[in-house]
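Feature annotation from Swiss-Prot assigns domain 'tr-type G' to 17-253; the stated evidence is sequence analysis. Annotation comment: Swiss-Prot describes 26-33, 158-161, 213-215 as GTP binding site, evidence class similarity to another entry. Summarising the annotation, Swiss-Prot assigns diphthamide to His699.
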Amino acid sequence: MVAFTIEQIRELMDKVTNVRNMSVIAHVDHGKSTLTDSLVQRAGIISAAKAGEARFTDTRKDEQERGITIKSTAISLYASMTDDDCKEIQQKTVGNSFLINLIDSPGHVDFSSEVTAALRVTDGALVVVDCVEGVCVQTETVLRQALGERIKPVVIINKVDRALLELQVTKEDLYQSFSRTIESVNVIISTYVDSSLGDSQVYPDKGTVAFGSGLHGWAFTVRQFATRYSKKFGVDRIKMMERLWGDSYFNPKTKKWTNKDKDAEGKTLERAFNMFVLDPIFRLFSSIMNFKKSEIPTLLEKLEINLKAEEKELEGKALLKVVMRKFLPAADALLEMIVIHLPSPVTAQAYRAETLYEGPADDASCIAIKNCDPTADLMVYISKMVPTSDKGRFYAFGRVFAGTVKSGQKVRIQGPNYQVGKKDDLFVKAIQRTVLMMGRFVEAIDDCPAGNIVGLVGVDQFLLKSGTITTNEASHNMKVMKFSVSPVVQVAVEVKNANDLPKLVEGLKRLSKSDPCVLTSMSESGEHIVAATGELHLEICLSDLQNDHAGIPLKISPPIVSYRETVNAESSMVALSKSPNKHNRIYVKAQPIDEEVSLDIEKGVINPRDDFKARARILADNHGWDVTDARKIWCFGPDGNGPNLVVDQTKAVQYLNEIKDSVVAAFQWATKEGPIFGENVRSVRVNILDVTLHADAIHRGGGQIIPTMRRVTYASMLLAEPAIQEPVFLVEIQCPENAIGGIYSVLNKKRGQVISEEQRPGTPLFTVKAYLPVNESFGFSGELRQSTGGQAFPQLIFDHWANLNGDPTDPTSKVGTIVKEKRERQGMKPDVPGYEEYYDKL
């Protein structure tokens with residue numbers, strides 16, 4: 001047991017080369033929290049007996065009850081390595097002690113915004129994959145998120161005990177199953193070739209893959225076995241490692257290595273991995289689980305495992321756990337992999353700086369981040385807020401990228417909308433204290449140097465969810481995090497007792513602080529709206545709201561889905577609007593934007609902040625836009641970065657630039673609340689064809705131009721075959737063959753459409769993938785379990801927006817009824833206005 005003090009940790013923080021910041025990411029229920037336990041136990045925080053069951057990082061009551069992780073939790077661990085291990089590290093280190101800042105993150109897809117927040121502050125990721133289920137949809141999502149942030153992965157294949165005890169596989173089958181899983185991970189990694197990151201694929205023979213069981217608390221890497229045998233036979237360890245994976249076979253008769261699986265007489269040889277690595281494990285399993293009392297002592301002696309007297313009394317699984325833990329402790333394999341193969345902040349920030357920092361790559365702050373310089377000006381990125389035990393206060397959780405953050409230091413707190421030289425979204429305040437996050441507890445420290453993860457007290461009132469903290473006035477913001485999910489499910493919340501209203505408002509404020517991806521808003525009719533990414537996320541948010549943040553009973557409406565408004569064709573004629581004083585006219589046409597372009601804008605490939613020439617190149621080369629149009633994009637909307645565009649196609653208009661700001665403001669307003677039923681607009685391009693302006697500046701101010709531009713945008717959309725898009729989930733269901741019929745019947749009932757169905761090689765499980773409209777997804781998992789006898793577990797991820805058939809302006813169609821309901825709920829007139837309402841005759 002290593003009992004370590006806060007002083008030791010603080011000392012290690014200064015040796016940045018010996019710090020590792022890593023997050024644990026995986027599909028839901030593949031065993032992240034359970035694996036984290038064995039590392040926590042090594043650091044002497046929980047007892048060995050509890051490891052595997054304690055799930056120490058699941059700090060909330062509902063996490064323990066449901067057995068899922070909901071919030072990402074950070075914890076700092078202290079590890080010391082042998083000299084041999086330190087020699088293998090490819091980067092500079094000082095001494096043998098290491099500080100590992102580990103963040104356990106949720107696997108459930110509804111909470112993937114928590115994963116994004118965890119990934120932003122770490123440099124390496126431990127990807128956990130279930131050995132039976134293989135790489136699932138969420139494994140892929142989080143792995144892609146990690147690679148997009150330039151984070152280096154290492155893999156552990158977990159739940160090997162399931163393969164041995166439940167499926168009773170042979171050694172060769174197990175090897176093939178491992179190798180398939182690793183291959184599918186590498187396929188995902190290889191799509192992100194990043195020269196500055198080097199090769200980030202994982203290889204068992206290089207030591208970047210571990211195998212084990214979190215529940216039983218054992219794990220191994222090929223490197224550990226190579227070390228074992230190199231001592232025993234006196235061979236070089238590096239050579240041994242290469243031979244213990246892949247097609248290499250050892251012939252015991254001739255004592256020679258070969259890469260053919262048959263010897264001279266045609267007898268089949270056993271693969272080296274099976275013979276030297278799996279064989280001892282298989283033997284232990286079979287002799288203990290089949291209660292062969294006589295074999296056990298000789299086996300233990302050979303493997304140099306010493307049991308205490310009371311441990312020898314155990315039998316069956318209990319004995320197996322004890323023996324495997326002594327033989328291959330999980331913490332050793334994981335720590336070795338983390339320390340040797342994951343980058344230190346010094347290494348990582350050198351190549352991550354340019355993707356993290358918004359400003360130019362040669363300004364002082366960016367260079368300080370690149371060098372991870374503790375003496376430079378402070379740069380901290382806050383990725384999320386963590387509620388304290390004190391109601392309503394939060395720790396700001398983030399990472400110091402440059403400088404040193406101290407208690408009582410005066411800093412500039414910059415929100416996500418801050419721009420250099422302006423005063424918006426900026427506060428200059430002092431930090432009350434700096435703390436170290438330790439799972440369920442926090443420890444106070446005086447200061448925290450660059451490269452470490454930290455909690456700050458006293459800045460929570462000035463930041464909503466995330467932001468940058470700095471001491472340099474010229475510093476730009478760190479880039480805003482991109483979430484792979486979007487809030488598409490909403491409910492309206494009301495108080496049961498009118499006196500509680502102020503509490504509800506306060507509670508909603510706290511809720512939106514504590515979760516990176518929840519949106520709270522107020523509709524025009526005065527309802528309070530909470531929007532979340534899925535059913536489970538919504539359920540957790542509402543229970544938090546009722547029990548913690550507001551602490552009052554609430555009335556909750558049935559869930560509502562958010563839609564998008566779009567157009568299907570070009571406007572049938574040019575739309576024209578005149579300003580209120582009749583002196584200015586704007587002529588425009590609307591047309592749809594290709595889905596690919598919209599997706600690129602949403603992903604951030606086409607960015608409003610990019611240089612306009614570079615952006616025009618992308619649009620012209622990849623999407624066939626006309627270059628002159630592509631250069632004349634005035635703005636993106638809504639919120640300045642949405643998938644709608646204003647393109648200036650005018651010829652020689654006087655005073656045009658003077659009204660540009662007004663046009664942009666009007667377009668943001670028009671795309672935030674569309675003409676059909678006040679939802680966001682998506683994939684609409686508005687071309688300004690001509691503008692007639694009054695010669696006097698006073699007659700063409702914002703008050704004249706803004707309402708005109710908004711009306712003409714509406715008119716052009718209503719003339720262009722308006723349509724509605726609904727959000728669609730991608731569903732992945734793993735189930736045995738006999739449950740497939742039940743799945744199909746539920747999907748058909750819910751307008752679902754199956755896109756693929758395949759059997760996972762070597763297992764009896766099938767994977768069914770389908771599209772399911774979000775509107776139909778409520779209660780889907782419950783119905784699915786009923787019709788399949790609890791054998792099918794769905795995973796829902798927001799996938800895309802799909803056009804709904806039918807005319808939204810016709811109240812008799814199915815789409816029309818949705819529109820009508822929504823308009824009535826928001827207190828508008830029930831019928832969609834015709835274009836005449838916004839169109840002016842010459």
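If you go along the chain as it appears here, the first residue is 1 and each next one adds 1.
Cβ coordinates come from backbone N, Cα and C, glycine included.
When the recorded positions His30, Lys32, His699 are compared by the number of other C-beta atoms lying within 10 angstroms of their own C-beta, His699 comes out lowest.
The Cβ of Asn158 (GTP binding site) has 26 neighbouring Cβ atoms from other residues within 10 Å, across all protein chains displayed. Across the structure, Ser213 (GTP binding site) and His699 (diphthamide) are spaced 74 Å apart at their Cα atoms. All protein chains considered, the CB of Val160 (GTP binding site) has 25 other CB atoms within 10 Å.
The separation of His699 (diphthamide) from Asn158 (GTP binding site), Cα to Cα, is 70 Å. The CA atom of Val28 (GTP binding site) is located 60 Å away from the CA atom of the residue listed as 'diphthamide'. When Cβ atoms from all protein chains are considered, those within 10 Å of Ser213 (GTP binding site) total 27, not counting its own. The shortest Cα-Cα distance from the residue listed as 'diphthamide' to any of the binding-site residues (Ala26, His30, Lys32, Val160) is found for Ala26. In three-state terms derived from DSSP, Val28 (GTP binding site) belongs to neither a helical nor a strand segment and is classed as coil. A 10 Å cutoff on Cβ-Cβ distances gives Val28 (GTP binding site) a total of 20 other Cβ atoms nearby, all chains included.
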